[in-house]
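Database features (Swiss-Prot):
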TRANSMEM  2-22  transmembrane segment
TRANSMEM  69-89  transmembrane segment
TRANSMEM  100-120  transmembrane segment
TRANSMEM  146-166  transmembrane segment
TRANSMEM  171-191  transmembrane segment
TRANSMEM  231-251  transmembrane segment
TRANSMEM  253-273  transmembrane segment
TRANSMEM  285-305  transmembrane segment
Amino acid sequence: MFMINIACLIIPILLAVAFLTLVERKTLGYMQVRKGPNIVGPHGLLQPIADAVKLFTKEPLRPLTSSKLLFTVAPTLALTLALTMWLPLPMPHSLINLNLGVLFILAISSLAVYSILWSGWASNSKYALIGALRAVAQTVSYEVTLAIILLSVLLMSGSFTLTNLITTQEHMWLIIPTWPLAMMWFISTLAETNRAPFDLTEGESELVSGFNVEYAAGPFALFFLAEYANIMMMNALTTLLFLGALHTPLVPGIYTANFVLKTLILTIMFLWIRASYPRFRYDQLMHLLWKNFLPLTLAMLMWHVSSPMSLASIPPQT
């Protein structure tokens, strides 16, 4: 029974990821005044299936000089961790209700760095290694602000459980009192998922394809799926934190529809940003974090910790 529950979680995520690639190609196409995929199936709707068949039936080539074990394990680990992060999300029939769900998500997203590092190192290629080092530095740096913003928001809900956030936002979305944090969070999620304008790990102009340059066929598809699963996960988390989904116990379907709609809108914003902005320079990316976001988020955290004590003379609720 538990395996059926896991399958019911994983299969829809993988399907959503497959069609997200189609939505991205269509969106970018229309924004660049062209059609996008329109040959395979009606209006190109079967394009993701054709891509999957092509990638998984090709021979996965491996460079002779690469490290065999790590080269194979890295893409599998990337997808496994990307899917594991979905477990504590409060769905109508969630698999697991963790008391420390937020910490679990933070820990797993930190582990995801290893798959990128291993893939770049095991490829034994200069391009892949530079891409991997960039990705690791970028991801680890932006994790700092993500953690601080999470702490600031959780001080308002008073618990590390994700279901508590829904109860907290019954009357007002948390994006209203914490809009500066929400803006910094959204930009940090862009950097955390290595998306434009922070996609320096796969800078085509200088690194060909970044850390996955030596991967082909199935393993490449696994990295691709992991990246898009992470994007949707981060947007689902943003919805939970700042745009609390409407919840009525009598009609659980409303919660699901509300949650999915907001996540979709945020995901389309990711695609819109990709179509609109050029890539940042690496030093600008790091300056944005260490010189702008970090001092601001620390100041906001101190504000969230001190305001209950100063205004109501009560200690912060945990």
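Just so it is clear, glycine is given a Cβ too, placed from its N, Cα and C backbone atoms.
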Intrachain residues whose Cβ lies under 8 Å of the transmembrane segment (100-120), provided they are six or more past its termini: 70-71, 73-75, 77-78, 81-82, 84-85, 87-89, 128-133, 135-136, 139-140, 143, 146-147, 150, 154, 160-162, 192, 201, 211-212, 215, 223, 226, 230, 237
Cβ contacts the transmembrane segment (146-166)/the transmembrane segment (285-305), at least three under 8 Å, sequence gap 6 or more: yes
Ranked first among 2-22, 69-89, 171-191, 285-305 for CB pairs under 8 angstroms with the transmembrane segment (253-273): 171-191
Long-range Cβ neighbours of the transmembrane segment (171-191) (under 8 Å; 6 or more residues past either end): 138-139, 141-142, 145-146, 149, 152-153, 156-157, 165, 197-198, 234-235, 237-238, 241-244, 266, 269-270, 273, 285, 288-289, 293, 296-297, 300
